[in-house]
Amino acid sequence: MRTLWSLFFLFFFSTINTIHAQTDETIADSSFVNLKDYSTDFVYDMKYATADNFLKAKVYDCPECLLRFKTVKALVKANEKFMKKGYRIKIYDCYRPLDIQKKMWQIIPNPEYVANPAKGSIHNRGGAVDITLVDSTGAELDMGTSFDFFGPEASHFYENLPDEVKQNRLLLKKIMRKSNFISFDSEWWHYNVKNASKEKVSNTKWKCD
Ligand SMILES: [Zn+2]
């Protein structure tokens, strides 16, 4: 009888695993998915869904983090690594529809601050994230500048920073790079998933209630 039960459980759980694997395989790497459907371990502060950003304008109707599925998979893995060290990823920005890029370009038509929508950016392709780290109390680690700070201090190569800031940036960079992301020299918060430029610029929109 005991053997029969064991066999039943073995069959039951192997069926569940198979279903799960099939579900994952049916989603193409280039599909847009919402990060919150794949993990509840992220902290969100979607800056462009508020006026608390360099544009001083709310350009998203609501705060959702849409990304290509392959970006989500890599980001979830990165967050798991940070969590083992007592930190979590806090998200500032994810995929950005092309119409929003155009809106931003209308507000500040300067390629030093906003990517020209004629070219599009990796954010428009669903392969970029703007992030920082928070500790177990939810407090942001000191990264030396605020998000979207325009100046040399935001660069990974800027030397004149306290050791703690340098270590925090390095912690973020090390684990993101191990998790299939590429850092961006002039912005400590920006990461592109590898091969992100292969994806097309998109204008897919998310629904707001
Ligand atoms: Zn960015």
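Using the three backbone atoms N, Cα and C, a Cβ is placed for every residue, glycine included.
According to TrEMBL:
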- 1-21: signal peptide (SIGNAL)
- R96: site 'Transition state stabilizer' (SITE)
- H123, D130, H190: Zn(2+) binding site (BINDING)
- E187: active site, proton donor/acceptor (ACT_SITE)
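Ligand 1 lies within reach of D130, H190 from the recorded positions R96, D130, H190, judged by a C-beta closer than 6 angstroms to any of its atoms.
Counting other C-beta atoms within 10 Å of each candidate's C-beta, the recorded positions D130, E187 are led by D130. In the three-state DSSP reading, D130 (Zn(2+) binding site) counts as strand.
Less than 8 angstroms from the CB of R96 (site 'Transition state stabilizer') sit Y48, S121, H123, N124, each of them six or more residues away in the same chain. The residue listed as 'active site, proton donor/acceptor' is 9 Å away from D130 (Zn(2+) binding site) when you measure Cα to Cα.
Apart from H123, D130, H190, the Zn(2+) site neighbourhood in this chain, defined by C-beta within 8 angstroms of the site C-beta centre, holds Y92, D93, S121, I122, A128, V129, F184, E187, W189, Y191. Following the DSSP three-state reduction, the secondary structure of H123 (Zn(2+) binding site) is helix. For H190 (Zn(2+) binding site), applying a Cβ distance below 8 Å and a minimum sequence separation of six or more within one chain yields A128, V129, D130, S183, F184. Residue density at H123 (Zn(2+) binding site): 25 other Cβ atoms are found within 10 A of its Cβ, drawing on all protein chains shown.
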